[in-house]
Amino acid sequence: MNHLLTMSELSVQEIQEILKDAEEFACGSVVQPKGKTFVANLFFEASTRTRFSFEVAEKRLGLEVLNFSAESSSVQKGETLYDTVKTLQSIGAKAVVIRHQEDRYFDELRGKINIPILNAGDGCGNHPTQSLLDLLTIKQEFGSFEGLKVAIVGDIRHSRVARSNAEALTRLGASVFFASPKEWEDGQNSFGTYASLDELIPQIDVLMLLRVQHERHDKFAENIMRDYHEQHGLTIEREKRMKSGSIILHPAPVNRGVEIADELVECGRSRIFKQMENGVYVRMAVLKRALSAELGGVNHELLV
Amino acid sequence: MNHLLTMSELSVQEIQEILKDAEEFACGSVVQPKGKTFVANLFFEASTRTRFSFEVAEKRLGLEVLNFSAESSSVQKGETLYDTVKTLQSIGAKAVVIRHQEDRYFDELRGKINIPILNAGDGCGNHPTQSLLDLLTIKQEFGSFEGLKVAIVGDIRHSRVARSNAEALTRLGASVFFASPKEWEDGQNSFGTYASLDELIPQIDVLMLLRVQHERHDKFAENIMRDYHEQHGLTIEREKRMKSGSIILHPAPVNRGVEIADELVECGRSRIFKQMENGVYVRMAVLKRALSAELGGVNHELLV
Amino acid sequence: MNHLLTMSELSVQEIQEILKDAEEFACGSVVQPKGKTFVANLFFEASTRTRFSFEVAEKRLGLEVLNFSAESSSVQKGETLYDTVKTLQSIGAKAVVIRHQEDRYFDELRGKINIPILNAGDGCGNHPTQSLLDLLTIKQEFGSFEGLKVAIVGDIRHSRVARSNAEALTRLGASVFFASPKEWEDGQNSFGTYASLDELIPQIDVLMLLRVQHERHDKFAENIMRDYHEQHGLTIEREKRMKSGSIILHPAPVNRGVEIADELVECGRSRIFKQMENGVYVRMAVLKRALSAELGGVNHELLV
């Protein structure tokens, strides 16, 4: 059962295989399902990027898409997640993509559901396709991860990707640094070294900005926000001190003028919209991995 | 006009034909529309199972699907149901699937709309595709309905399916019994005999549990709920007294530990998830019936 | 970049070309995309007709559809319209259809987005596909616009289509008249002459009723509403005085008994449901115009 739940569960070799497939999809490779193959997207939280990115990936692969949103479903009648997923399996879904507000929602499903689960984000926990698209964007730029210096900047504690990206990048051979407001440091994440943003800026190859999640934060966060941009954001001044060839990543949606100056969102170093494009390719790759029986091998023909 | 509105309007022969087509779909028969053929799904109430089941059925038949939900439509501007359906017909829908909170919403449409209406549930009234999938599940098990003993248990009064299932099963040759809290008996349903659940349990072939609809009930219902499971539910003890070869049905979503013990939802006698799978096949059959001009006859090739 | 933003930006020749293509689609012409081509529908306001009409048009053209509704998106996280559209472009959308509550929302996108924008309604501003479907319906009836007398009746000031229809009809050679409650006259619209409804009724070829938009109006409007039908609506009596061969248009949803007597909605002169059907054809035509690189020329084969 090729679930995709967390980055930790993928071996380095599996990560490299997913990235390789994604690069082939980026070059126009196509696969076709053998018959009508249904995939259900279950989003219990609002999402534009991830939801549509999965939907485009699914449709590019010729899959039939069932879009489920919590508001108009029997979840309102108190149905459990297990029963909802089991229902989708019963009516023919061959894989299910889930975003859910609870950390590790998938632990109650694993071993009980006979179709692969693709985690599209769980609480403050994991967001493996986001990690994979970050990795793909870095790999396209530098060819490999060996010896790269990556700074992850912002709300390390609540971020779905800080943890899994730090771990994956370390395993792939990169050195990871964190820069964060004191209150948002994460004592449990041992895959990076805390340092000052201004010291990191001229040394790093990849600047990975995290989103300030207004919608998850309280009054306490307002104090941090007031001067976040000056203290912890990518200002125009800081960008000028970045190393030649270095790049900027952000999972989006961007708070313009907070994590990054408005003018820099589409600057030469920014790969923010490139990341979104890559999101489609890595999702095609993990769908192909999950549905290998239905989709067969990658076909090296080019898309028209 | 091959509407599907209530079970009462179907002759025994029509029911048998629908079940026969559904069984062929279950075995992999395929049909293809002659050109792009649109079907609109109008759900004015929350639903997972029925909505997705219709959508899968439509897509398996190669139909183009328009998913309408009341929240994001002109119904908010006060548009009538007739005008909404007429609009969908004007823009090209060849059939419309409707779930609506009003009993017999279709009476205002019948004879005025030139496309078939497939009723996906009206108020406390009818839910013919649920009845048909129950029948299909029984037929797969026992071959025919003649002489079967079926108990329908729970909220007989407010259930969409108690009435139509009791009538259809009687017409098909089965004997129907009801077991219900006093307050939920239905004096108007003459197609079954009330009896004690504990007396019925060892005699019946099919135990058809009804959902306790929290969301429709008031304070009064809370009293019933408190000891519903012990008094009216399928406990572990009761299941042990069931006849060899007998089966359990439930329309779902299940309230685990209320209508049925948590441990029994997927027990050997349970056909609950099988019912969901069968829901797709009966919906394919009624869509084929409604769209005979567009879909042609069932093709006996197997799906890949 | 073949955006479709306002009627004013289309030359008379472009309007005629769109209508010609729409007429061919009405006769069954088909076009096919060269490969999988994605279009995103972004609706920030409720809509049945326009949203489904675009979706049917897109699917008839063989396009892959992404349906975005504001409620379940990152717009809830404060994302700008520009970033949302840029995201859709990044994940592969080749065109975007937008309805938005702000007048001229597209001014902040124009020149910055590399895919065509099709305006499906902006605030009280424009609704070019509605104008085009009105024009198509008139052209089907009268062959040309030269010398036709058209009355636009109702809330001229807040209507998206009064302005753009009046201008387009004038440029195409028709004479335009307005009839309106005093409070809803529009001093800025110079493409028509105000007159009394009862004087206009026997002279006009086309009676274009506007929708009374309850949902946009306040207390003040209630006074107008009370006797709107008698004073400004199409009563049974007024319809009898209409010229032979004249037709009735309404953008719908209709307030039955307000703008038009209930009994007249589907009378012999009414083209209200015909307009909806035509909506699909004009939307196919503007999509074809926007996606000429992907869709190629109109193929004159008939649809099966």
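Glycine is no exception: its Cβ is also placed from the backbone N, Cα and C atoms.
TrEMBL annotations: computationally assigned, not manually curated.
For reference, TrEMBL has these:
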{"type": "DOMAIN", "residues": "C:3-140", "note": "domain 'Aspartate/ornithine carbamoyltransferase carbamoyl-P binding'"}
{"type": "BINDING", "residues": "C:Arg49, C:Thr50, C:Arg99, C:His127, C:Gln130, C:Ala252, C:Pro253", "note": "carbamoyl phosphate binding site"}
{"type": "BINDING", "residues": "C:Lys77, C:Arg160, C:Arg211", "note": "L-aspartate binding site"}
{"type": "DOMAIN", "residues": "C:146-288", "note": "domain 'Aspartate/ornithine carbamoyltransferase Asp/Orn-binding'"}
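Location within the structure of each feature annotated in TrEMBL.
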residue	record	Cβ contacts under 8 Å, 6 or more apart
C:Arg49	carbamoyl phosphate binding site	C:Ala252, C:Pro253, C:Met276, C:Gly279
C:Thr50	carbamoyl phosphate binding site	C:Arg99, C:Ala120, C:Gly121, C:His127, C:Thr129, C:Gln130, C:Gly279
C:Arg160	L-aspartate binding site	C:Gly121, C:Asp122, C:Gly123, C:Cys124, C:Gly125, C:Asn126, C:His127, C:Gln130
C:Arg211	L-aspartate binding site	C:Gly154, C:Asp155, C:Ser159, C:His250, C:Pro251, C:Ala252, C:Pro253, C:Val254, C:Asn255, C:Glu259
Chain B contacts among the binding-site residues C:Arg99, C:His127, C:Gln130, C:Ala252 (Cβ under 8 Å): C:Ala252
Sparsest-packed of the listed binding-site residues (C:Arg99, C:His127) - C-beta count within 10 angstroms: C:Arg99
C:Gln130 (carbamoyl phosphate binding site): tally of other CB atoms within 10 A of its CB: 25
Cβ neighbour count (within 10 Å, all chains shown) around C:Ala252 (carbamoyl phosphate binding site): 25
Stretch-averaged pLDDT - the domain 'Aspartate/ornithine carbamoyltransferase Asp/Orn-binding' (C:146-288): 93
Span of the carbamoyl phosphate site, taken as the largest CA to CA distance across C:Arg49, C:Thr50, C:Arg99, C:His127, C:Gln130, C:Ala252, C:Pro253 (Å, rounded to a whole number): 16
Three-state composition of the domain 'Aspartate/ornithine carbamoyltransferase Asp/Orn-binding' (C:146-288), taking helix and strand from DSSP: 60 helix, 23 strand, 60 coil
Assigned conformation of C:Gln130 (carbamoyl phosphate binding site) - DSSP reduced to three states: helix
Per DSSP, three-state class assigned to C:Arg99 (carbamoyl phosphate binding site): strand
Three-state composition of the domain 'Aspartate/ornithine carbamoyltransferase carbamoyl-P binding' (C:3-140), taking helix and strand from DSSP: 61 helix, 30 strand, 47 coil
